[in-house]
Each structure stands twice: as structure tokens, then as C-alpha cells.
Number of protein chains: 2
Amino acid sequence: MPNRTVFFISDGTGITAETFGNAILNQFETTVRRVRLPFLDTADKAHQAVRQINHAADLEGNRPLVFTTVVDMEVLSVFRNECKGVLLDMFGTFIAPLEHELGIKSNHRVGRFSDASQSQAYNDRIEAINFSLAHDDGQSHKDLQGSDVILVGVSRSGKTPTSLYLAMQYGLKASNYPLIPEDFERRQLPPALVPHRKKIFGLTIAPERLSQIRNERRPNSRYAQLENCRMEVSEAEAMMRREGIRWLSTTTKSIEEIATTILQEIRPERLEY
Amino acid sequence: MPNRTVFFISDGTGITAETFGNAILNQFETTVRRVRLPFLDTADKAHQAVRQINHAADLEGNRPLVFTTVVDMEVLSVFRNECKGVLLDMFGTFIAPLEHELGIKSNHRVGRFSDASQSQAYNDRIEAINFSLAHDDGQSHKDLQGSDVILVGVSRSGKTPTSLYLAMQYGLKASNYPLIPEDFERRQLPPALVPHRKKIFGLTIAPERLSQIRNERRPNSRYAQLENCRMEVSEAEAMMRREGIRWLSTTTKSIEEIATTILQEIRPERLEY
């Protein structure tokens, strides 16, 4: 049982506080108890949170770590003045030097979204998610030209989660299209894909890992057999090489790493936005 | 055309650097050009990035802002010594005080994922995404008891993107189930849902906004008519009230805000993990 508690404190959702804190905690070989306290947008709620933090401090006999992205000065001062934890204050630390550099004052606005439905970028993101869902697993050839990127690869190579991540995180219309044994026999790209070659990105995977993933879904099937996985992967890689399609292996990579690599390769302008 | 460039610098994907930087930039009413430079894991790549930053500095006549989550000390020192930008250094700033507080050294490990496929949490996340896809829009009653949360609401109230976000971000098995006119006529929850009442969370939406969203998908349909939307929303809210289901209005909320609220209500233990 960890005897140190970490709090993520925010006047918004706390997602940034959590990303910030977890990135830093990941640098330490230590186990902690994590508590997220979102939507602390009044001094009253801050006082309540402080009581919870100070209670943990007394109970555990050491100072809780408190990662905060609170921007409201009244709320923040409650933590600064009364909290027994170690305050790791993202905004307090970086806003002041930036105000100096930019020569303007910050607006202390809470959260990324004021009214999400009014934001074009937000609506584009929702539209991209719907698009990616409708174009999952080769479901629809319609509007394939509306795709920003088309992922190809054998079944269970990681196309679906990557497409959804690209849509959700970057508002990209990401379709995906399976490469199946019929394509390998014909030794040609699926005909629906041919006109969109420039948008295609391939995912491959080590046959051993593929067999393991497929076995979880359809145990002891031919589909999951190592021999069959070896054949499909080798045919798919040969096809991508022949067709000049860029590709990467997802075997040891997270969705985030795959998505970042695809962005670099397919739409570098998305890295400069 | 903005005349200040912001760089997000990382030896990993740069996603944390971008979250960190954008949260802070959002506090300023200013337009900037954004460039993300991921995977800078050698001094060579760092030198190349520094040239790009210094070129922007010379061209624009002011100091680029450089948000960094680089952990490799050799890479970081290239930026510290040679870069003309304003270095906003998340790890450099917060690691040292934490080493002091925790009494241990940080490991300077790059990125959140070493080999994603070996991580149980990562595999759970992928499984949750697959589960949520299979249980989108009431597609499958099977394993509904395997859901962590079941979202209900009228068509286009925000259930699908929220389910996928809960799965992708928190590894929650989130199903969703539409409330349709037949349910309102019967004045009862869809029978498949009744055994799972404790996991149900409702989403509602202002009829005007719903009509606007539906009109984009099926212009001039009865489905999209304001009168029909008013009726469906009012019936759905009456049903949720009658059945004692917790619910919120998604009208002006982002997926992130909706998901955070659901976590607080349905599975508070997820906030303490």
C-alpha cells in the first residue's frame, strides 16, 4: 500500500493536470495513490480539497504531491496559503515569464473549452470521429476521397484504434481498410484504394504478436495460427513494398507513438498548425 | 500571419509537451505558429531542431517559445546551451524539487511507453476500445453486464464520441444505447438495460442544438425537425427522471468535460486509482 498520495487539482477537467503530473511521476520508481479533484472553481470547493489533502498529510506522515493547473487566482491562493502538500504549480510557474516575454497579461481563463459546440475545431473533431467510425474496416468506399489518411494492414494490426485516435486527438478523417487473402492472391491493392495511394499508410506487426492477439479473439482458429499469420504479414509487407506504401511495425508501439509517426510521414503540415 | 513561433520539443511523441504548452498558451490572447518536433532522442537531432528554432528567431525578430518535455540530459543540454528560444522546461523545472522531496533520483526515462504491448494497462485500453466499438448504438446486448458504464440518450446526444473517449483515455468499457420513440411509447427503459440500471448514465441535449446536428446529417427530415427533437428530448428526460437515472446536458460541453463528469458520478474510484 503506497504511503504517499498525489493529487491532481484543477478548476477544469483536470486532464492537463493529470498529463502533467503523470509525465513527471513516470520519472520516478515509486508507487503512489492518485486522486483527481476536477472542477474546483470556487474558494469553497478549494477549502474542501485542502481539507482532504491535509488529512492525507496527517494520516501518511509525509507531504502529498499536488499537481495543479488551477488558473483562478482566488482558488489558487487557498492552496498556496493552506495546503500542507508540495504544490507543483504549472500555471504559476510558467505564466509569469511568458507574460514578461509576450508583453501581455494572461486572461486566467479556465479550461480549454468555453462552449465547445460553438468551436469549429471542436465540431471538426466530432465529425472526424463519425467519419472514422463509418469508414472502419473497409465498411464504406463512399467518400474515401474525403479521408485525410487511409490505414491499411492485415486484420488486427492496429488500424482501428489508431484511426480513432487520429480522429479524436487531431480531428483527422482517418479511414482504415483491411488487406485480406483475396488481395494477396490477386497481388494487387484493393481496387477501391488505388485512386488514393498518396494518402495510404501501412501498419504491420510481428507474426508472433499477431497470432497472440488473434488467438484471444478466435482461439485455435486457422485465422490465429502462427503459420497463417506469417503468410499474411509477409504478403502484406511485400505488397506495401511493391506499391511504394510507407509503413511501420506496431508490434511494440503505443497508439500515441504510431499516430505521431503517421502524422510526421503523411501530413507533416499537421505538425505545424 | 503570426510572427511568433512556438515549438513543442520532445524525445518521445511530444503529446505531453503539446498538452502542457497549449494549456499555457490558451491563457494568452495571441496567435502563434505551432511546430511539433517529436522523437528528438539524439544530440544530432537536437542540433538540427536548434537550427530550425534559431532560424525562426532570426526570421521573426523575436524569441520563439520552446515547450520541452525532453528528459535525456545530453539532448536537453543542446537546447539549454544553443537555442535562442525561451525554454519552458517541464522536467527541468519540476524534477529537481521532487527528487528532493521523495529522496530518490529520477530515471530520465523517455516517454510513457517502453513496450506498450507488454503493459497490462495498455492492453486493457485496447480491449476497452474494441468493446466500446462492438457495443456502440445498442449493437450488441451480449456482455452488456461487462460494461463499466452504459450511456443512454436520444440519437445524436453525444453518446458515441463520449463512449470512445472513456475507452481510449481511461480504459473503461463504455457501451451506449439509444432511447427511441418505441421506448417512449412503452414509457419504459429498453428491456435489455433494466438489469444494469446502476451503470447507466444519461446524456441529454437542448432540442435546438439537437435539431441543428440532425439537420446536418438528414436535412429536412422529420427526424431533424425541431418539434420532433423537442418531443424526444422531453420524453427522454421524463424517463430518466422517472427511472432515477443520473444525467447531464451535453449542449455546451466538450467530450472531455462530459467524460470527467461521468467518471465522478459513476465510478468515483476511477478518480482514485
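In case you wondered, yes, glycine gets a Cβ from its N, Cα and C as well.
TrEMBL annotations: computationally assigned, not manually curated.
A quick note: this is a predicted structure, and the numbers were derived from the prediction, not measured.
Record features (TrEMBL):
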type	residues	note
BINDING	A:Gly153, A:Val154, A:Ser155, A:Arg156, A:Ser157, A:Gly158, A:Lys159, A:Thr160	ADP binding site
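Everything TrEMBL records as a feature, shown here on the structure.
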{"residue": "A:Gly153", "record": "ADP binding site", "CB count, 10 Å": "27"}
{"residue": "A:Val154", "record": "ADP binding site", "CB count, 10 Å": "26"}
{"residue": "A:Ser155", "record": "ADP binding site", "CB count, 10 Å": "17"}
{"residue": "A:Arg156", "record": "ADP binding site", "CB count, 10 Å": "24"}
{"residue": "A:Ser157", "record": "ADP binding site", "CB count, 10 Å": "27"}
{"residue": "A:Gly158", "record": "ADP binding site", "CB count, 10 Å": "25"}
{"residue": "A:Lys159", "record": "ADP binding site", "CB count, 10 Å": "28"}
{"residue": "A:Thr160", "record": "ADP binding site", "CB count, 10 Å": "22"}
Report, in sequence order, every one of the binding-site residues (A:Val154, A:Ser157, A:Lys159, A:Thr160) having a CB within less than 8 angstroms of a CB belonging to chain B; if no such residue exists, report 'none'.
A:Thr160
Translate the DSSP assignment of A:Thr160 (ADP binding site) into the three-state scheme.
helix
